[in-house]
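Asker: So TrEMBL says this about it:
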BINDING   G14, P15, S16, G17, S18, G19, K20, G21, T22  ATP binding site
DOMAIN    10-222  domain 'Cytidylate kinase'
Amino acid sequence: MSETPTIPVVTVDGPSGSGKGTISQILATKLGYHLLDSGALYRLTALAVIKNDIDINQVDKVAQAALDLDVVFDPQPDGEQKVLLNGEDVGVQLRLDETSAMASQVAAIPEVREALLIRQKQFRQKPGLVADGRDMGTVVFPDAEHKVFLTASPEIRAERRHKQLIEKGVDANISHLLKSIIDRDERDRTRTVAPLVPAEGAFVIDSSDLTIDEVVQQILDFIGFSEQ
Ligand SMILES: Nc1ncnc2c1ncn2[C@@H]1O[C@H](COP(=O)(O)OP(=O)(O)OP(=O)(O)O)[C@@H](O)[C@H]1O
Ligand SMILES: Nc1ccn([C@H]2C[C@H](O)[C@@H](COP(=O)(O)O)O2)c(=O)n1
């Protein structure tokens with residue numbers, strides 16, 4: 001009897017600023033796969049909490065906000081994704097400091113993680129999915145064929161984030177960025193639900209001394225995909 005073929009998933013997990021988003025977007029385009037930016041779902045929940053003035057301690061209300069998210073991810077020709085919340089383009093709001101800080105808090109609530117689980121699994125559509133986050137290989141898609149854990153030193157990640165913000169015209173202080181990266185790593189690694197750890201069998205890449213192209217190529221080699 002033949003088995004039902006499962007839809008392939010490539011998971012890319014790692015700490016903040018390790019390059020997951022950038023690398024996953026390029027991989028999805030090259031492989032012709034869908035893309036799940038799971039961090040955006042936590043950021044969207046955070047934004048809904050802020051906009052609706054929900055008390056973060058009222059766990060049921062925060063989880064309900066996660067369940068009720070009216071969100072559309074609209075892939076653009078350049079590989080970027082436009083994110084619409086209740087029809088509003090919230091791309092910039094998602095990246096504000098206030099949203100990032102709230103996202104980190106909502107992500108530590110088990111009921112919120114549970115609420116977002118089914119939504120994340122629904123992204124697994126043919127011909128395949130590249131899923132970027134913290135627990136893609138450990139919790140959301142434990143049966144994924146290919147799991148990657150991307151990292152880089154906190155100093156390099158702070159430098160990259162600093163450059164990214166300056167290029168966007170946002171004023172940023174590198175020592176402040178480094179401190180917030182170290183704090184966020186600690187929170188993500190030590191939380192009781194879905195802590196940030198490499199999945200068993202994951203291909204671990206330290207990109208501190210690698211270019212974006214070199215990282216992408218290492219992952220394509222790992223997957224066994226060759227470009228024509
Ligand atoms: N190997 C690399 N070499 C140089 N710059 C890189 C590399 N990987 C990523 N970058 C740059 O680092 C910045 C942060 O990358 P990115 O936003 O993809 O990280 P992330 O892990 O998705 O972060 P977050 O989890 O906070 O969303 C971007 O400006 C990206 O272009
Ligand atoms: N699968 C995920 C994705 C993200 N988070 C948390 C980590 C951050 O605090 C926040 C925003 O993520 P980012 O956009 O920076 O990748 O959400 C998580 O816990 N699990």
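Glycine too: its Cβ is placed from the backbone N, Cα and C atoms.
A description of the local structural setting of each listed feature is requested, covering burial, neighbours and distances.
Answerer: G14 (ATP binding site): 27 other CB atoms within 10 A of its CB, across all protein chains.
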Asker: Using a Cβ cut-off of under 6 Å to any atom of ligand 2, determine which of the binding-site residues G14, S16, S18, T22 qualify.
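Answerer: Cβ under 6 Å from ligand 2: S16.
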Asker: Take the mean position of the Cβ atoms of G14, P15, S16, G17, S18, G19, K20, G21, T22, the recorded ATP site. Which other residues of that chain put their Cβ within 8 Å of it?
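Answerer: Apart from the listed residues, the neighbours are I23, L150, A152, R157.
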Asker: Is it possible to get the count of other C-beta atoms within 10 angstroms of the C-beta of T22 (ATP binding site)?
Answerer: 18
